[in-house]
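Presented below is the structure to which this report refers.
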Amino acid sequence: MNKQKKRSVLGWDPYLLIPYLILCIIGIVMVYSASADVAMQVGGTARSYLVKQSIFALVGIGIFFLLSRVNLTFWRSKYTLGFLSGILIVLLVYVRFFGAAVNGARGWVNLGPVSIQPAEVCKFFLTIYLANQFARYENLSRSDYLRKLRKPIILTIVLIGLILSQPDTGGALINASIFLVIIMASRIPWKYGATALVGGFLALLIGLPYVAQLFAKIGGYRAARFVAYLNPFANASGSGTQLVNSYYAISNGGIFGSGIGNSIQKMGYLPESNTDFILAIISEELGLVTVLIILALLATLICRIILLGIRSNNLYETLLCYGTGTFFAVETMFNVGAVCGLLPITGVTLPFISYGGSSMFVLSASLGLVANVERRMRRQKARRQQEVA
């Protein structure tokens with residue numbers, strides 16, 4: 001029992017809490033550093049971004065601790081899920097037509113000093129909704145199970161379709177990944193699930209270049225930015241400028257970086273330097289070593305989340321962990337891949353590091369639910385040990 005207590009930090013799993021807090025601190029510092037030019041463009045100061053990101057992080061930490069204590073049955077209530085789904089659909093429809101536009105995408109609802117991005121909230125909602133739905137189907141016959149699939153599939157398609165219409169390709173792909181992983185981890189017959197997963201993955205690999213070319217023909221800022229990864233130097237002063245300057249930033253940083261605050265690319269050369277491409281600024285100022293530390297912290301979180309899902313004897317909690325782990329892993333992969341030119345630029349941020357409130361709140365809420373699962377598992381284990389003793 002004493003050994004078990006030593007492995008917790010004030011009652012929370014250290015493998016979740018410590019990486020989370022370190023990432024939040026790194027994010028606050030680097031948003032402050034990366035926002036110098038962004039602040040000048042809007043007539044403010046980098047300090048204002050420091051204050052905002054600090055507030056976002058503190059509120060996010062509060063959400064984490066709150067949701068780690070709230071009974072998980074609250075999130076399984078049909079009234080809670082019904083209310084959230086209705087609000088989310090209304091918000092997604094609203095932003096499609098009346099939302100604040102940023103770089104050609106209408107994805108934000110402005111509420112005074114705070115902007116909410118419904119596509120981010122959708123990642124949290126789909127995880128808890130799909131985990132609940134498929135956990136409820138655990139004891140159904142195969143025919144009933146396949147019939148029950150209609151409702152979650154239809155709702156998922158509606159939500160992803162609304163996100164794509166903004167357009168928000170990255171958000172749509174992350175939500176689709178959450179759906180695929182949860183459905184694969186549930187009771188769907190493996191021969192159907194494995195075939196769908198492998199087929200979808202191969203189709204993605206084969207079709208990605210053709211989809212990229214189609215986006216280029218459609219035109220527009222986001223379409224051009226999406227295909228820039230194919231050959232950024234072909235239009236280095238246009239659609240490829242973001243990726244080219246990201247390369248320069250990574251190259252300038254080397255192994256140990258040029259020193260915090262000494263980035264050249266953040267001074268108007270690299271767009272979205274404090275959000276989508278903050279990892280490039282980190283690489284330039286603090287070097288490859290710090291980038292690897294950040295990725296190691298994120299990998300620790302993701303692996304711990306998945307491990308908790310494997311260890312849980314409750315299907316709902318297992319699916320909840322798998323969905324959250326997928327959310328974190330795919331978002332990290334898309335951001336790092338875009339910064340390095342390995343994947344198209346989709347506007348996905350780096351978890352806990354990039355500037356922004358919606359992302360911080362949703363990520364913290366999702367991690368809070370996982371911490372809740374871990375606490376329940378720890379209490380259950382302690383009770384078993386007491387019974388044996």
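Along the chain as shown, residues are numbered 1 onward.
Just so it is clear, glycine is given a Cβ too, placed from its N, Cα and C backbone atoms.
Between the stretches 220-241, 352-373, TrEMBL puts its transmembrane segment entry on 352-373. Recorded stretches compared: 54-72, 79-98, 149-166, 319-346, 352-373; the one with the most Cβ pairs under 8 Å to the transmembrane segment (12-34) is 352-373.
Listed as Cβ neighbours of the transmembrane segment (149-166) (distance under 8 Å, sequence separation of 6 or more from its ends, same chain) are residues 85, 88-89, 92-93, 95-96, 99, 105-107, 119, 122, 125-126, 129-130, 133-134, 172, 175-176, 179, 183, 188.
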